[in-house]
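A.B. asks: Could you have a look at this structure, given as structure tokens, before my questions?
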Amino acid sequence: MPRYGASLRQSCPRSGREQGQDGTAGAPGLLWMGLVLALALALALALALSDSRVLWAPAEAHPLSPQGHPARLHRIVPRLRDVFGWGNLTCPICKGLFTAINLGLKKEPNVARVGSVAIKLCNLLKIAPPAVCQSIVHLFEDDMVEVWRRSVLSPSEACGLLLGSTCGHWDIFSSWNISLPTVPKPPPKPPSPPAPGAPVSRILFLTDLHWDHDYLEGTDPDCADPLCCRRGSGLPPASRPGAGYWGEYSKCDLPLRTLESLLSGLGPAGPFDMVYWTGDIPAHDVWHQTRQDQLRALTTVTALVRKFLGPVPVYPAVGNHESTPVNSFPPPFIEGNHSSRWLYEAMAKAWEPWLPAEALRTLRIGGFYALSPYPGLRLISLNMNFCSRENFWLLINSTDPAGQLQWLVGELQAAEDRGDKVHIIGHIPPGHCLKSWSWNYYRIVARYENTLAAQFFGHTHVDEFEVFYDEETLSRPLAVAFLAPSATTYIGLNPGYRVYQIDGNYSGSSHVVLDHETYILNLTQANIPGAIPHWQLLYRARETYGLPNTLPTAWHNLVYRMRGDMQLFQTFWFLYHKGHPPSEPCGTPCRLATLCAQLSARADSPALCRHLMPDGSLPEAQSLWPRPLFC
């Protein structure tokens with residue numbers, strides 16, 4: 001059976017060869033125009049599928065060049081050049097083709113023609129099985145052609161993206177800056193430790209639940225499709241056990257019963273003062289999801305959370321898998337059937353019992369909101385899809401989509417004026433965002449370091465963090481973002497959740513994180529016939545890592561301790577994967593790349609890792625800094 005994409009926990013190479021003559025009727029110019037536009041669509045689909053399949057990539061998978069720019073497509077997917085014949089696409093030919101594309105799109109973009117050729121390319125490049133190729137092209141084609149029509153990349157930008165900087169400048173996501181108030185920044189004031197006996201709040205953190213309503217015990221966990229362990233996956237070979245009852249260590253999501261087990265078994269970890277829930281409710285079957293499927297997942301899992309958590313307030317954030325097509329989050333100026341109104345309205349209805357009127361108003365507009373859980377604490381839920389590298393709608397305009405960052409500045413300034421503290425929750429971590437968005441966010445965090453008490457994200461499915469530094473020297477740790485592990489097993493992990501201990505609800509509270517605990521379901525034990533699932537404490541951060549506190553400097557120091565202490569790093573590596581690390585060892589390049597990621601809360605900023613190498617060699621540190629595709 002042919003295999004599509006990559007094996008588990010590896011990057012997904014895309015390959016193929018130049019398309020031969022096609023018998024489709026039409027002028028050669030239109031044929032080539034459709035072919036290259038379809039190639040762009042096929043590559044976008046490859047990105048979407050690999051984004052839904054790749055949890056961890058080797059350190060060498062996505063290096064930065066010595067200049068600090070992301071690797072070009074032909075470097076990220078080297079086989080594309082060899083088999084597709086990428087070298088035959090010269091710079092003049094490329095610019096000529098994209099000139100024809102832009103002229104044609106201004107006249108009459110033919111979605112059906114583009115989709116037909118994209119399906120052929122998807123099959124030719126072996127991006128996915130034929131049925132998946134057909135389904136995902138039909139799902140994406142309308143939005144992708146609409147985005148291309150509205151954005152109309154210049155030939156220089158498109159060919160710079162495809163062939164590298166020698167052919168043109170490809171940074172279509174141009175630089176931009178938000179405005180900060182003229183109010184001077186107060187002197188940095190680290191939080192004081194709470195007094196002995198001060199109240200402590202416990203916050204349950206749920207992320208990346210990924211419910212698969214088609215999960216089926218006994219099916220093939222290593223099928224050819226991007227998601228397995230489900231109806232249609234077939235039976236495994238005799239040498240391989242089928243999908244387990246509670247989940248599987250493979251490219252599989254969770255049955256509803258496992259989410260019910262998680263929520264019903266929270267008692268030993270509680271009680272909880274509130275819940276932060278940072279999205280990704282649907283499964284990774286991104287090639288045939290409908291809006292009805294996404295809304296079903298939203299309402300079903302929201303009802304389940306409400307059933308088991310009762311009166312505990314729950315504050316959600318929007319994940320990248322909530323929409324369909326996956327990662328499709330147009331800014332609010334996109335209206336009509338292409339807009340996200342269908343999703344935001346459904347979220348507002350589902351979450352209305354938890355959110356006040358003003359929060360529901362901005363949720364309906366752009367998927368973000370702010371509220372006050374306690375006196376003195378402001379919670380801000382960001383729609384991180386407006387920073388996403390995979391949100392193709394940002395090709396039209398990536399400058400502060402929905403005005404969200406400028407709105408964030410206003411919220412933080414108002415909190416500073418009141419003397420409040422702020423928690424930020426979101427799905428995609430800031431270090432994984434588009435460069436300009438990420439750098440602006442970094443600047444905002446630095447400006448409001450005294451006000452911003454904590455940041456919480458998900459998305460990567462693994463257990464990590466991102467340290468922020470002062471912008472002047474990049475040496476003083478001033479904030480940390482906590483990236484919690486997923487509930488889903490995707491890919492090859494135990495199910496898990498996080499609990500944060502926070503300086504509690506009292507006058508003068510710092511509201512900072514005091515410690516955190518991670519709980520897992522050991523699938524090896526749970527899937528034994530007749531076993532009762534037991535959610536167990538995996539570790540406590542301060543105890544396990546010997547941290548004096550959980551302030552930014554402590555996490556910075558932990559990274560540099562792990563640089564020289566292999567045993568400590570192996571502990572981190574084990575916990576990073578929720579107690580089920582990959583069988584491949586993490587050697588020195590992998591270790592340094594992983595540590596670099598913990599220092600990189602700002603995208604495309606390899607200088608943050610300049611001290612990781614023993615000799616301080618910046619080029620080497622850059623080459624080890626991965627930006628893998630995550631779910």
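The backbone N, Cα and C atoms fix where each Cβ goes, glycine too.
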A.B. asks: Can you find which of HIS338, HIS423, HIS427 Swiss-Prot lists as binding Zn(2+) 2 at the same site as ASP280, ASN320, HIS459?
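C.D. replies: Swiss-Prot lists ASP280, ASN320, HIS459 binding Zn(2+) 2, and from HIS338, HIS423, HIS427 it also lists HIS427.
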A.B. asks: Return the single candidate from CYS223, CYS252 listed in Swiss-Prot as disulfide-linked to CYS229.
C.D. replies: CYS252
A.B. asks: Report which of SER7, SER339, SER510 appears in Swiss-Prot with the annotation phosphoserine.
C.D. replies: SER510
A.B. asks: When neighbour density is defined as the number of other C-beta atoms within 10 angstroms of a residue's C-beta, which of the binding-site residues ASP208, ASP280 has the lowest density?
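C.D. replies: Comparing Cβ neighbour counts within 10 Å for the binding-site residues ASP208, ASP280 gives ASP208.
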A.B. asks: Select the closest residue to HIS210 (Zn(2+) 1 binding site) from the following glycosylation sites, measuring between CA atoms: ASN177, ASN337, ASN397, ASN505, ASN522.
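C.D. replies: Result: the closest of the glycosylation sites to HIS210 (Zn(2+) 1 binding site) is ASN522.
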A.B. asks: Reduced to three states, what secondary structure does DSSP give ASN522 (N-linked glycosylation site)?
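C.D. replies: DSSP assigns ASN522 (N-linked glycosylation site) to coil.
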A.B. asks: Helix, strand or coil at ASP280 (Zn(2+) 1 binding site), per DSSP?
C.D. replies: coil
A.B. asks: Distance check, please: Cα of ASN505 (N-linked glycosylation site) against Cα of ASP280 (Zn(2+) 1 binding site), rounded to an integer number of angstrom.
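C.D. replies: Approximately 29 Å lies between the Cα of ASN505 (N-linked glycosylation site) and that of ASP280 (Zn(2+) 1 binding site).
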A.B. asks: Along the domain 'Saposin B-type' (87-171), what average pLDDT does this model show?
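C.D. replies: So the average pLDDT across the domain 'Saposin B-type' (87-171) works out to 75.
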